[in-house]
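Below: one structure, written as structure tokens.
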Amino acid sequence: MKTIILFLTLLVISSSCTSIITKTMNSKETTYLDSPAVSPSIDQYLVDIHLGHSFLQGVMSFCYDCGKACFRRGKNLARCKKFVCRCTKSGIK
């Protein structure tokens with residue numbers, strides 16, 4: 001009886017430790033899509049932004065992503081039409 005209780009106790013402790021370890025490892029590997037690019041100077045001068053899209057995504061979702069991409073570059077959204085995203089040349093004022 002004592003061995004069963006000891007075994008179950010060790011099993012619970014080891015499973016809780018592994019869950020804590022995997023939780024911390026997964027949180028370190030998380031990357032965020034809204035974070036700015038590593039080298040923003042490369043695409044800073046681009047006016048047209050080519051985002052990957054699909055027809056299942058829809059125009060509204062594409063234009064939302066277009067506006068977010070312009071904002072990350074410090075530009076205003078000029079036009080989003082027929083899956084073409086255009087930002088203003090001047091920065092946000």
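Heads up, the Cβ atoms here are built off N, Cα and C, so glycines get one too.
Feature annotations, courtesy of Swiss-Prot:
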| type | residues | note |
| --- | --- | --- |
| DISULFID | Cys63-Cys80 | disulfide bond |
| DISULFID | Cys66-Cys85 | disulfide bond |
| DISULFID | Cys70-Cys87 | disulfide bond |
| SIGNAL | 1-19 | signal peptide |
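Cβ contacts within 10 Å of Cys66 (disulfide bond), excluding its own Cβ and spanning all protein chains shown: 24. Distance between Cα atoms for Cys70 (disulfide bond) and Cys80 (disulfide bond): 11 Å, as a whole number. Looking at Cys85 (disulfide bond) and Cys63 (disulfide bond), their Cα atoms lie 7 Å from each other.
In this structure, the C-alpha atom of Cys87 (disulfide bond) lies 8 angstrom from that of Cys66 (disulfide bond). Taking only the Cα positions, the spacing between Cys80 (disulfide bond) and Cys66 (disulfide bond) is 7 angstrom. Within 10 Å of the C-beta of Cys63 (disulfide bond) there are 16 other C-beta atoms, taking all protein chains into account.
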